[in-house]
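As recorded in TrEMBL:
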TRANSMEM  20-46  transmembrane segment
TRANSMEM  58-77  transmembrane segment
TRANSMEM  89-106  transmembrane segment
TRANSMEM  118-137  transmembrane segment
TRANSMEM  143-161  transmembrane segment
TRANSMEM  173-193  transmembrane segment
TRANSMEM  199-219  transmembrane segment
TRANSMEM  231-249  transmembrane segment
TRANSMEM  261-280  transmembrane segment
TRANSMEM  292-312  transmembrane segment
Amino acid sequence: MFKARFFSTPAPDSMMDFIAAQLFFGGILPALVMGIALLIGALIAGKEDRSDDAPPGVRPWAAASGFGLAFGAGFLALVGAPDFLPGNAMHWLFYMALVAVGVGVIEGIRHTNDGLRAALRLGLALLTFRLTLGFMVEHHWDGASAWIWLGGLTLGSNALMNALDRAAQERPGAMVPLAMTLMSAGGAAVLVLTGSARVGQLMGVMTAAATATLVVAWLRPGLRVSRGGSTVFGLLFSALLAYGYFTSADVPAFADALNHPQTLATLLVAASPLMLWVSGQNPIKRMTSWRAALASAALVATPLAAGLLVAANQSDPPAAAYHHEASSADAPAE
């Protein structure tokens, strides 16, 4: 099985090199990839823009491509090249990021076809959860329960994508990129605090990409991450949360799930983008772009802060890996 490139414990004299490598490959590299994708999209949009009144924007496919390729670059640098037919469930995240790019590009081209977009999102999320949580289906979810779990995760992921997409479509600019930055940063912190440092680092890759998007949104106030970008980000955000949860905890019985600190923390983080619905209501709807962005950020940060408090105050330390009967190939990469 492929060993993670930068996760072995470094010698004391190489600690600074280790930290520098983590910062570059987990932060700077994905931010650069995202920035380049958006720059290309901005240049093409500039050539095609015939309106002097509209704020400068970016082609819709650029954000979708940027998020997927930035995640892929970070994954290759931090985890390594995935198996062609992954025996390790984590490796499916890389491939599904690339599939999500394709779906996002199609959304950008066929954005007026709501039925097609909904079908693509549902199929993408269902396939992603089936592949990345295959060990749960094989060893813990029997028959109908597997479809209930996969269906619930798929619908939850789609609700998240729709919330991001609607907010981005109604309010171009920095509001949604700022929310994405907070969401992924909070998700990364909760994953680390609950025993999924490796998955948390991959969520940090999404934070870097979202931060680059925020910078571009300041320069190009017409930037929208709808029509594809919100789909790719939403899918990876929800998939990383789910994978980190099921591979780091002794998941309790469903009836006791909400009494489990890690479950509650994960649900609070997952619910944070739904707060963007409020941003489409008064009085935020009447605010200027940056005031609306800050107000929406405060709303999104509320469940994130609650999730962090819950995760940081667990009475017992979380297990290092999910306790199931699958082979080590189904567990997170070592």
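Using the three backbone atoms N, Cα and C, a Cβ is placed for every residue, glycine included.
TrEMBL labels come from automatic prediction, so no person has curated them.
When each of 58-77, 89-106, 143-161, 231-249, 261-280 is scored by its Cβ pairs under 8 Å to the transmembrane segment (173-193), the top-ranked stretch turns out to be 261-280.
Each of 20-46, 118-137, 231-249 was scored by its Cβ pairs under 8 Å to the transmembrane segment (143-161), and the highest score goes to 118-137.
Stretch with the most C-beta contacts under 8 angstroms to the transmembrane segment (89-106), considering only 20-46, 118-137, 231-249: 118-137.
When each of 20-46, 118-137, 231-249, 261-280 is scored by its Cβ pairs under 8 Å to the transmembrane segment (58-77), the top-ranked stretch turns out to be 20-46. Here the transmembrane segment (231-249) has Cβ contacts under 8 Å with residues 63-64, 67-68, 71, 89-90, 93, 96-97, 100-101, 103-104, 107, 120-121, 124-125, 128-129, 132-133, 136, 153, 156-157, 160-161, 164-165, 180, 183-184, 187, 191, 194-196, 199-200, 202-203, 206, 209-210, 225, 260, 262-263, 266, 269-270, 273, 318-322, 331-332 of the same chain, all six or more residues outside its ends. Among residues of the same chain six or more beyond the transmembrane segment (118-137), those with a C-beta under 8 A of the stretch's C-beta atoms are 86, 89-90, 92-93, 95-96, 99-100, 103, 106-107, 146, 149-151, 153-154, 157-158, 161, 231, 235, 238-239, 242-243, 246, 322, 324, 326, 330-331.
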